[in-house]
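One structure below.
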């Protein structure tokens, strides 16, 4: 028996990730309240140390600048992170799948899709995201999260639809489709019996790979200091009101906020976050590769 | 003729994209005139509504003002540093070009060699430096690799290794590090494409013929197989440049490299703390300048890629 090792590792990863997201907050060594520790006095020599605390037996991955345990912070943030990544990817595919199909059937939509892709190929994606997210309308909008998710999702709809269109075109040229059309198979049956079984595995693999990609983009945004959800808080001042943009989510990229300072004084904060993001991306990639191998098994006869 | 019409199409596309982006940048960002006799709560409310209500008049005024200024002064305006926008854009963009152009060449050359290497190594079972490293570098986010290498360099210094300047844009080590980090992901991207196109070719009959005639392995790959692959690799040139420009934001930010992308980002960044007197304005002139520069680079890469593909396509036709 030839085991598909990548698939097994990928499934184990997803299982662990889901376990941590759902049951993580109830684990005994997780501080689910994310309590902020001001200072600790060492029991041995009575020295006082201030946050961020270095990794130790009490703080496995150290603590952030507020004295919150990094490990708990990462576990608690997993849910926000996953929700964000999944919603962006799903919305992207909900729009891209019909677009890809219609582009295959209709000339007009195909031209539109090509135009869209060419236009987007002129601008770095990250620049578009920053430009739109920093609009005052979005900064003040109560539905900012939804807008941001939509913007990030829509930026790559064209690319995904194009891939799908190419796959549909490729399948349509296969002899068995011609055969099916000759014997008078109805369009709906053609979809169900001939296109879907070939398309579905590819689609699944692409969706999982896209989860990783989205994670990467959100990480990049975090590095240059752009966060998905925030609130505008009026802070105390004697003169006119002063507003401050405060982050409200627990998502991982928020830990990159003080990155340029942390790398000198508390390198465990960005490094632990980076490792967490990398592990998740690697996990999605392994799962996608494993699935691809699994689905291709039936196609090769030798 | 076909090539020329394609190039003209690209030119129009570039103009279209640039104009649309400039229109987005010119969207009104509110005004800050508020009534100071009101209470604080009312002031906050008024400020918020001033900032977030969209008015067509303000938008129209923005556009006409910018257009008039450009027409009259032949310049995009003045920056916060009281320099002309053109001067400042060029001053920063120069620094980015120093790392961008070597990165394009480096990722192309090293990427293709790595792709060929991956393809030839594929036959062996345990190839640590082969395709596995390529996919590793494609999967692991490059910002994490950059962060950890910076940290490693700094730790190495504390253990007595020579001092390497990691942050900044002045010394040679800054530039070399920036080039390396910038071209890392695109290089493996090209490697992946090269090895997969070679893979597609590997089953063709002409290879069997060449092998039976005793052509050396190296010659088969570089002369015969790559001859068919150039087209596909060259057509990815604009994607490569796009990745590099996207990455430029991250690399310049992480390395403290004060180049074009950094200045660009600073120009349309908004403050984290502000008062009702603050305009949510961005440095419109600088942003427009950089939009033109950035899209122009992609435009050039599109043109080069189109011309080269045309050339390779014609070559292929003649050989047949």
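Cβ atoms are placed via backbone N, Cα and C, with glycine included.
Look at TrEMBL and you will find B:93-305 tagged as domain 'ABC transmembrane type-1'. Annotated transmembrane segment per TrEMBL: B:7-27, B:97-117, B:137-160, B:172-191, B:240-265, B:285-304, in sequence order.
Listed stretches B:97-117, B:137-160, B:172-191, B:240-265, B:285-304 were compared with the transmembrane segment (B:7-27); the greatest number of C-beta pairs under 8 angstroms is found for B:285-304.
Tertiary neighbourhood of the transmembrane segment (B:172-191): same-chain residues 98-100, 102-104, 106-108, 110-112, 114-115, 118, 134, 137-138, 142, 145-146, 149, 164-166, 233, 236, 239-240, 243-244, 247-248, 251-252, 254-255, 257, selected by CB-CB distance under 8 Å and a gap of 6+ residues from either end.
If you look at the transmembrane segment (B:137-160) against the transmembrane segment (B:97-117), you find fewer than three C-beta pairs under 8 angstroms, all six or more positions apart, and that falls short of contact.
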